[in-house]
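Participant: Before anything else, here's the structure in question.
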């Protein structure tokens, strides 16, 4: 059945911003879809609100719209572009829900747009819990006993029928949002209430708990001829009760008999047929009772999912690409397997290695959050590793997480009997540390039976953990490390660093072990991912390392460049850095063999055909050096690029150079010049530039001395971090002591000597009421090219990754822009930058201060590139291999004249807004953690608003970030601190003019009354500064009030918009309860006056709904015309 010829144009909907449960995997799948569609000669119209994606690059589609994924905006684009079909199955839950909304609104019918990949009926049957339950029954399979509830009253009736514990599952949400396991009525009301709220269909499934059962997933595909194949079975190491995104997962499955697996396969095939997915893929989750073998179908996703990306990378089978071809009418037997280039896609993949995925968490960013892992996903990223056996694969995956203390360790004495008892209690509750606690408990003498009783993790896996411990004990106690023992340790997944710790070899121990290993000629070999267990030759070089006998690397002729990726997504280092790596691969591939090293299965950079060679390996010194040494034997290497993947590869630069690896672009010495506070101070002094007064400290006494010399408030942070990790605004000595005590505790015990830290704390004067600016630039040693000047909407103090920003800047004068340009040139020249640099500045009372400089790609590079139409990372890659900025102007990569710092009359305005994951993180009693922003980054993703002026662009950014966007009428609650009350009357008067009603606490209402502005008084709430987030709220009744506090009004749906500026001393004040309630209700809320000023302009601008919709291709053309004109 050949491709359909009636489809000439297709709209693809992306997944929007990176959020927990929906991350970079949809950029990967969407990019594959766009490439397939264009190869087939189909016009592609792409809509996505996330600028930090490869799929929104202009060459990926014929018309690319970086716009909010809302029904009115999508309808405008459909009306303009008139696509023949809509493909919604590659953009996660966002795209699926958007397609359903377009169908229900009659938009698809109105414009005669066909849904391909999955029908509305199939989406409904797969996503709606009640309909799916019927499909399962018709397939002859079993669901957990369950019932549907639309209200808490119905929830209570079901609880009476089934008893506790109960599982709550909402329909049409991703990452288990709104789901959970309830053990009593309070938990049930909290979880089910959130589930009903977050489900677009306002109902939840309440089902019997099957906690402790084994969990499996099947990834299936089906075509029009009813050919069905299972791409990959995946096993969760955690039993049912932990969301699959938060569990360690493995492929192939280890704990099913062949008969059980065939039964799962038969059920899966019956369900994909019953749901009606006939031109694409789906993911089905199963639970198996370990005692009886009873099989329960948990749920399905009738689309490409997070597990699809994992299965694709695990097997080499490109699910998204094939799903797109199936949607166009091809059948599986007509599609070629790209990896073998000799077998059809109808051959089920077979693997002869073990794949392990380990999640990465960020609980440290959300103090007070409940660390318990449940059915609602909480991890922010993941790493994957491949190896010859499970132990080796697990060891590689755990070190790929790139987080201190995340690998097994055997430091110090064995745990005592009391400690083992405590560990056995701790592992009953799943947390991110559970596997380390299991390993420590086994190390201390706990039996495998005790571990199983506490965790219900399958005994096969527990046995593997015990075997790793046994090997570690051998290594620790051996008189001599023989070649045989060293190889056994490597097969057990132990790194050189872990072995060095076991042998107590000190700081140089890792190098000592490597030299010993090399003296034995004990090195990893590299095997190929080929989809067919080596039955056919692989044409694509996709490699993993293992300690086996024969390497499968092939010689090459061209000079190679190795690019180090960014590893697992995390807060502070996300998809933006994968974007810059992919651009470097695309550009350098024209002249060099590109070799990509990364361990993140979600990303475009780890697609099998993106680079000339892909190594799915941990980004550690040991693993990267082994790749370099192996590739050196295969052909010439120009060098390694470390400045595009964020802090992870950057931290390897100095050691790699010391080991003889050539580093391209900015040298490790120059990196240190910018990162080291004292050395950077000298650069600024020579350039006659201001920095906030600062000091450094290695102890509490030094910190106190520095803070007193500078004057409170101060900004305190560790050296060499990304995403503002550990950064805090400190107002007095008591707060400073707490900060230093915590830093000493978090530092590795063996590096702390008598209260002194291993690396200095940086202490800066905090600039209050300053305007913060980010500048991204290119430098080739002589010429500077400004990529973009981005003005923050919030004042200084909010981390640049969380702040909204605008490009071009909206309030800077020509003179201020000139000073920024001159300052950036002086810093880039002084630091010896060769490639990208990001400098953060602040203007306070028209004095320019340099906050920091980063001689690498920054997270704003994709945004600046999309806003200016210039691929900065591509130009940077060419500069790193020795080309000049003038050469990039000549070849068209950069503007022929001027740069991104120039402002042109009539230029479109771009606004970047951050997206925060607060609804995922709750305290143990269910309240959301505080949303107050500060110097430590907490956002997971970003959106971009693009329009003719700042108010319209800002309004679009809010529409993309908040479901429904900004209200244009209704009730506004206002509560501001004393400092902000001076600005309040102007804001309040404008709100009244716009038709809003103002609700305020008594103090704020009193200020407004003096200016003749009416407001309704609400009762004041009080939370002690030192209270626990879960402490009850005290209400103080005010005279003339409406008789309710604001939290009650938010919960009743009476409030539409919130302005709540906090007191300076932190989040445990009254505002916390307000902000928490607003997050639970999905209300737009703003915590700074500067941002609320922008909100007012935006509301005024969009009252007529007159957004300008323009593709970025048209925008780039307009920009080049304006540049030529000016």
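For all residues, glycine too, the Cβ spot is worked out from N, Cα and C.
Swiss-Prot lists these features:
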- 129, 169, 175, 176, 208, 210, 215, 241, 242, 243, 285, 299: ATP 1 binding site (BINDING)
- 133-328: domain 'ATP-grasp 1' (DOMAIN)
- 285, 299: Mg(2+) 1 binding site (BINDING)
- 285, 299: Mn(2+) 1 binding site (BINDING)
- 552-962: region 'Carbamoyl phosphate synthetic domain' (REGION)
- 681-881: domain 'ATP-grasp 2' (DOMAIN)
- 840, 852: Mn(2+) 3 binding site (BINDING)
- 963-1126: region 'Allosteric domain' (REGION)
- 964-1126: domain 'MGS-like' (DOMAIN)
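Thinking about packing and proximity, how do these listed features fit into the structure?
Facilitator: In the three-state DSSP scheme, residue 285 (ATP 1 binding site) is classed as strand. Within 10 Å of the Cβ of residue 285 (ATP 1 binding site) there are 19 other Cβ atoms, across all protein chains.
For the domain 'ATP-grasp 1' (133-328), the mean pLDDT of the prediction comes to 87.
Summarising the environment of residue 299 (Mg(2+) 1 binding site), the number of other Cβ atoms within 10 Å of its Cβ, over all protein chains shown, is 19.
Around residue 840 (Mn(2+) 3 binding site), taking its Cβ as the centre, 19 other Cβ atoms fall within 10 Å, counting all chains.
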Participant: What is the Cβ neighbour count of residue 215 (ATP 1 binding site) at a 10 Å cut-off, with all protein chains included?
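Facilitator: Its Cβ shell of radius 10 Å holds 24 other Cβ atoms.
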Participant: For the C-alpha pair, I'd like the distance in angstrom between residue 299 (Mg(2+) 1 binding site) and residue 285 (ATP 1 binding site), rounded off.
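Facilitator: So the alpha carbons of residue 299 (Mg(2+) 1 binding site) and residue 285 (ATP 1 binding site) sit roughly 5 Å from each other.
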Participant: Would you count the other C-beta atoms found within 10 angstroms of the C-beta of residue 242 (ATP 1 binding site) for me?
Facilitator: 26
Participant: C-alpha of residue 852 (Mn(2+) 3 binding site) to C-alpha of residue 242 (ATP 1 binding site): distance in Å?
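Facilitator: Given the Cα positions, residue 852 (Mn(2+) 3 binding site) is 41 Å from residue 242 (ATP 1 binding site).
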Participant: DSSP secondary structure for residue 852 (Mn(2+) 3 binding site), reduced to helix/strand/coil, please.
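Facilitator: Going by the DSSP assignment, residue 852 (Mn(2+) 3 binding site) falls within a strand, counted as strand.
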Participant: Using only C-alpha positions, which one of 129, 208, 215, 242, 285 is spatially nearest residue 840 (Mn(2+) 3 binding site)? These are the binding-site residues in the record.
Facilitator: 242
